[in-house]
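Visitor: Marked as transmembrane segment by Swiss-Prot on the basis of sequence analysis: 91-111, 199-219, 245-265, 277-297. Swiss-Prot lists 112-116 with the feature motif 'Histidine box-1'. The motif 'Histidine box-2' annotation in Swiss-Prot covers 148-152. Sequence annotations record features per position, and here Swiss-Prot assigns motif 'Histidine box-3' to 339-343.
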Amino acid sequence: MAPPNTIDAGLTQRHISTSAAPTSAKPAFERNYQLPEFTIKEIRECIPAHCFERSGLRGLCHVAIDLTWASLLFLAATQIDKFENPLIRYLAWPAYWIMQGIVCTGIWVLAHECGHQSFSTSKTLNNTVGWILHSMLLVPYHSWRISHSKHHKATGHMTKDQVFVPKTRSQVGLPPKENAAAAVQEEDMSVHLDEEAPIVTLFWMVIQFLFGWPAYLIMNASGQDYGRWTSHFHTYSPIFEPRNFFDIIISDLGVLAALGALIYASMQLSLLTVTKYYIVPYLFVNFWLVLITFLQHTDPKLPHYREGAWNFQRGALCTVDRSFGKFLDHMFHGIVHTHVAHHLFSQMPFYHAEEATYHLKKLLGEYYVYDPSPIVVAVWRSFRECRFVEDHGDVVFFKK
């Protein structure tokens, strides 16, 4: 069995020399990249049939477990302020925030399963459970389900993907590559970015990881450019079609109900209480969601495609599996270390994705991408080096 691809210390995307390879200073992986030629039929046939079987009972058991953990953590947090020792309180609250953020991220993932209809064979059960769970986390369920479906149908496509769409050379203010002055300006820009104070990079990372998720929902931050204001809460957003109107209304009502409950709790208890029990863990959920999805789709060695080269399976392979450690991988229901399988077959339930990944590795060989880098290293590398792609070309890679 071919070993999985690795990033940085060894990620290679089928390093095969061709006579057409340019002699520029492009990295070797970009010069020698060849398009994968797998069909979706042969990919599906390598996975055992039972991996596609869905169980509503099993899905509900996972929901019950996660909600039980969230409830127990909430009840434990009600005892924190009873400790007279301030040191215990100062340590216990962050512990609660971190753990509740992890658990609620797992709940978010289960709602995400519902949106893909991989939770059960019942569309009614899927949408009911998904709407409840996502509304609790201030996510417009159907709105995001629709845009996320479009993301899966066009992953890695420069003009059709819905999120983490790279900026182009012209969008970051660089002159055309053919311009003689472009090389000098690009080099100056690269030097500037390399010398950028780490604290500045860290600041923008914090902003993106804490507020990037609501910014995407509210104003389509990092999403596809539609040429006008776009929001998941707007019934006439260009993301949606007229037939989605009532789904958007239902989604908005779910979020409004959750916000109403939070406002009522703030009035009855206090804003500080709601902040400690809900808002801070909610920010941790935002952090995990953006971190996970950013790392899944952003790396210097992953290509993006334009219409001339894109197809579904090529786009689905433009994502990275990695591990956050056994505990987090378990709590996040495999969304991190089985993401390639998920993108190929989004209706496959998460509890079969690990077995499916085992078989996919054998078929895909070096086209299966796994990154063993420490998470901090991977984030820093992608954040600093993935700045833009070229304005032209069917296959483009990130530049810095």
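Heads up, the Cβ atoms here are built off N, Cα and C, so glycines get one too.
Since this is a predicted model, take the numbers as computed values, not measurements.
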Visitor: At a C-beta cut-off of under 8 Å, are there same-chain residues at least 6 beyond the motif 'Histidine box-2' (148-152) that contact it? List them, or none.
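Guide: Non-local partners: 112, 115-116, 160-163, 239, 316, 343, 346.
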Visitor: When secondary structure is assigned with DSSP, how many helix, strand and coil residues does the motif 'Histidine box-2' (148-152) contain?
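Guide: Helix, strand and coil residues of the motif 'Histidine box-2' (148-152) number 5 helix, 0 strand, 0 coil.
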Visitor: Report the DSSP secondary-structure composition of the motif 'Histidine box-3' (339-343) as helix, strand and coil residue counts.
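Guide: Summed over the motif 'Histidine box-3' (339-343), the classes give 5 helix, 0 strand, 0 coil.
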Visitor: What is the average pLDDT across the motif 'Histidine box-1' (112-116)?
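Guide: So the average pLDDT across the motif 'Histidine box-1' (112-116) works out to 99.
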